[in-house]
Amino acid sequence: MRDQKFLVYAAGIFVCHIVYGLLQELTIKGTYGPEKEEFESMIVLVFVQCMVSYIFAKVSMVVKPNGEDPTRTVFYVCAGLAYSGATVCSFMSLQWLSYPAQVIAKSAKPVPIMVLSVLFGKKTYPWRQYFFVSVVVAGIIMFTYKDSKKTVYGWGELFLIASLCLDGLLGAVEERMRSESETKSRYMMASTNKWSTVFLGIAMCLTMEVVDFYDFVNRHPRIIWQIAVLSIANAVGQFFVFATISEFGPLLCVVITTSRKFFTILGSVFIFGNSLSLRQWIATAVVFVGLALDTMYGA
C-alpha cells in the first residue's frame, strides 16, 4: 500500500510539474507583442502561485479535515520565507540563464537538503542514499550539459546559489516539522503558502512590481491564461509534493522533483524535434538506474 501511494504521488508530481515547467519557460523566456517584450514581474508571478496553492490546500482541508495541527508557527514562517525566496531567485536566474543551465544548477538541490537536514533537521541518511542521489544528480547534469563557449558568471549564477541555499534551509525546516510534529501534508502546504503569500505581498508592494505587472497585463492579456494554468498545475503538483514530504521525507521528494526536470527537458526535445546525443542517452539510463536504486535500497 505504501509503495502504491508513493507511485501515485510521484505520478502526480511528474504530470503537474512537467506542465508547470513548460509553461514557466514559455512565460519567463518568451517574448510578447511586436516589440518582443519580456515578462519581468517574478515576485507577482510567485505571489499568484502561492495564493492559488494556499486556496487549493484550504479547500482540501475543508473537504477532508486533518484534525489539529501541533506544528509551531515559527517553522511555518521560516518555511514560507525560504520557499518564496528560493522560488523568486530561481525565476530571476532565468532572466540571465537558459533553462538547461538553470536545471544543471538546480539538480544539485539534494546536496544542501541533505547537509542542512543533518545539521539542523536531526536527520540521518545511510551512506548508500548519498551515493544513489549522487548518481541521479550526475545523470541529470550529464544530460543537460552542453559544450559551449566560455561562460561568464554573473547575476544568474548568484541567484541560483541563493536559491539552492534557501532550498536547503527549507528542506531542513520541513524535516524538523516532520520529526517533531509529524506535520500533515495539507497543513504544511497551506501554512507554507500562506506565509509565502504574506512575504511576497509585502515585497511586491514595496518594490511597486504590482504596478508594472498591471501595465504588462493590459498590453498582453494572454499572459493571464498562462499564469492561471501554470498556477493551477503548480497547486496540484504542490499537493503531491507536500504529501510526499509529509509521508516520505524531503529528500525523496527532491529526487522526484529533480528527476521531473529531466523529463521536462526530455519532453521538450521530442516536442521540438531535437535529437539526443549518445551522451544524453547514457545520461537517461544513469538517471533511471539511480532512481530505481534509491527507491529500492535508499531508505
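Residue numbering: from 1, along the chain as shown.
The backbone N, Cα and C atoms fix where each Cβ goes, and this holds for glycine too.
Note that the structure is predicted; figures quoted are calculated from it, not measured.
Copied over from TrEMBL, here are the features:
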{"type": "TRANSMEM", "residues": "6-23", "note": "transmembrane segment"}
{"type": "TRANSMEM", "residues": "43-62", "note": "transmembrane segment"}
{"type": "TRANSMEM", "residues": "74-97", "note": "transmembrane segment"}
{"type": "TRANSMEM", "residues": "130-146", "note": "transmembrane segment"}
{"type": "TRANSMEM", "residues": "152-173", "note": "transmembrane segment"}
{"type": "TRANSMEM", "residues": "194-211", "note": "transmembrane segment"}
{"type": "TRANSMEM", "residues": "223-244", "note": "transmembrane segment"}
{"type": "TRANSMEM", "residues": "251-272", "note": "transmembrane segment"}
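Under 8 Å from some Cβ of the transmembrane segment (6-23) lie the Cβ atoms of residues 226, 229-230, 233-234, 236-237, 239-241, 243-244, 247-248, 253, 256-257, 260-261, 263-264, 267-268, 295, all in the same chain and six or more residues away from its ends.
Scored by C-beta pairs under 8 angstroms, the transmembrane segment (152-173) has its highest count with 74-97, from the stretches 43-62, 74-97, 194-211, 223-244. For the transmembrane segment (43-62), the partner stretch with the highest count of Cβ pairs under 8 angstroms, out of 74-97, 194-211, 223-244, is 223-244.
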